[in-house]
Amino acid sequence: MQFSSLKQDAQIFDLLQKETRRQAEGMELIPSENYTSAAVMEAMGSILTNKYSEGYPGKRYYGGQENIDDIENIAIERAKQLFGAEHVNVQPYSGSPANTAIYFALLNYGDTIMGLKLDHGGHITHGLPISFSGRSYKIVPYLCKPDGWLDMDEVERLAKERKPKLIVAGFTAYPRDIDWKRFRQIADAVGAIAMADISHTAGLIAGKQLENPVPYFDVVMTTTHKTMRGPRGAIIMCKEKYAKDIDRAVFPGLQGGPHDSIIAGKAVCFAEALQPDFADYAKQIILNAKALANELKKHGFKLVTDGTDTHLILIDLTNKNITGKIAQTTLDAIGITLNKNTVPHETRSPMDPSGIRLGTPAITTRGFKEEHMARVATWINDALAHTNDTAALQKIKEEVKTFCLQFPIPNIHA
Ligand SMILES: *Cc1c(COP(=O)(O)O)cnc(C)c1O
């Protein structure tokens, strides 16, 4: 039994036990979630959290850094090796502050950024009007075509017309691979900085299943907790010529002391991703996503772009006469977790959109294979056909639970 020391806090102990049970008995299809290894968790929960180390290796504002410097340098070297990066900053607390640091480093307030519109699959930090990015910079959003595919000709036209200082490629709800070279060409044609945000697909890129933008792009950000399967956090990779500006923007520009325990977790995660079996994992994520996409189509679900190249599936539920919000709530009731999501050219609202977003990174970590995807799709379809039938949902929930318990979650604390 773990959590043994936590028992002194009965309230939190009890909730962690319940959450463990929820994760073990349910099926996690949120495409940005995953299960870290025990090694990553041990690093995250280690005594490194006791340390303060503002600054960078060899240039700290506090004493006692001999081990911390080595850990941070190892994390940097492993990330460079994994992605072929010239320079890496491993200190960003998470993806949103990392994107903010990139803008802060490379732009002036009021400069123009081009990013995919949020309800077409972009991220809040790519220019949502109410976010820091949208309020501090002039945003030129680009869109997907009515069929859900990125409109690269429109990206080119807009870039030539609006002359952005920075173009962001890389998305949070886009199921297809990205033409990095075309983005690079467009950025070059207008003299813009090319930025990639690979938060969702970094594990698939590290596992050599999708093309890596790091060699072509000026600056690349990724979170480490999604397909990378590491600790909650982010890194920024960039060309040498931007290194000083990026480092200064992260610290002291935006952050104070780095989270050393998380940096150790990043180092462990990069070592895991450098192993050959991580490529097998990345490959299986995509095989599972394609199989699940096909099974969902057999049930009449309308997939945005009609399929996926990645870990992620976006469904427009309009033809099923059900909203994303009701679908999410109904699937929660059977122990399948995913999220309601806008679809390109959304006609409803973000809190009650037309679609759902799902993905296979977490279930692939648990050991699900293609042959299991038909059952997953059938449970989703059956539940959504019985949104008001509590007895039917309860019966499906029991089936989901029995099935999931055959695939123990890693690193279980119960
Ligand atoms: C998840 C994500 C982020 C933000 O990461 P947080 O750690 O949640 O702040 C940024 N960009 C993209 C594309 C993402 O998917």
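Backbone N, Cα and C atoms are what each Cβ position is placed from, and that goes for glycine too.
Curation does not apply to TrEMBL; its annotations are automatic.
Under the heading domain 'Serine hydroxymethyltransferase-like', TrEMBL lists 7-380. Sequence annotations record features per position, and here TrEMBL assigns (6S)-5,6,7,8-tetrahydrofolate binding site to L118, G122, H123, I124, E240. Residues annotated as site 'Plays an important role in substrate specificity' in TrEMBL: H225. The N6-(pyridoxal phosphate)lysine annotation in TrEMBL covers K226.
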Secondary structure of H123 ((6S)-5,6,7,8-tetrahydrofolate binding site) (DSSP, helix/strand/coil): coil
Helix, strand or coil at E240 ((6S)-5,6,7,8-tetrahydrofolate binding site) [DSSP, three-state]: helix
In sequence order, those recorded positions of L118, G122, H123, I124, H225, E240 whose CB lies under 6 Å from ligand 1: H123
C-beta crowding around L118 ((6S)-5,6,7,8-tetrahydrofolate binding site), within 10 angstroms: 23
Other CB atoms, at most 10 A from the CB of I124 ((6S)-5,6,7,8-tetrahydrofolate binding site): 16
K226 (N6-(pyridoxal phosphate)lysine) and G122 ((6S)-5,6,7,8-tetrahydrofolate binding site), Cα-Cα, nearest whole angstrom: 16
Max CA-CA distance, Å, over listed (6S)-5,6,7,8-tetrahydrofolate-binding residues L118, G122, H123, I124, E240: 31
Number of other Cβ atoms within 10 Å of the Cβ of the residue listed as 'N6-(pyridoxal phosphate)lysine' across all protein chains: 27
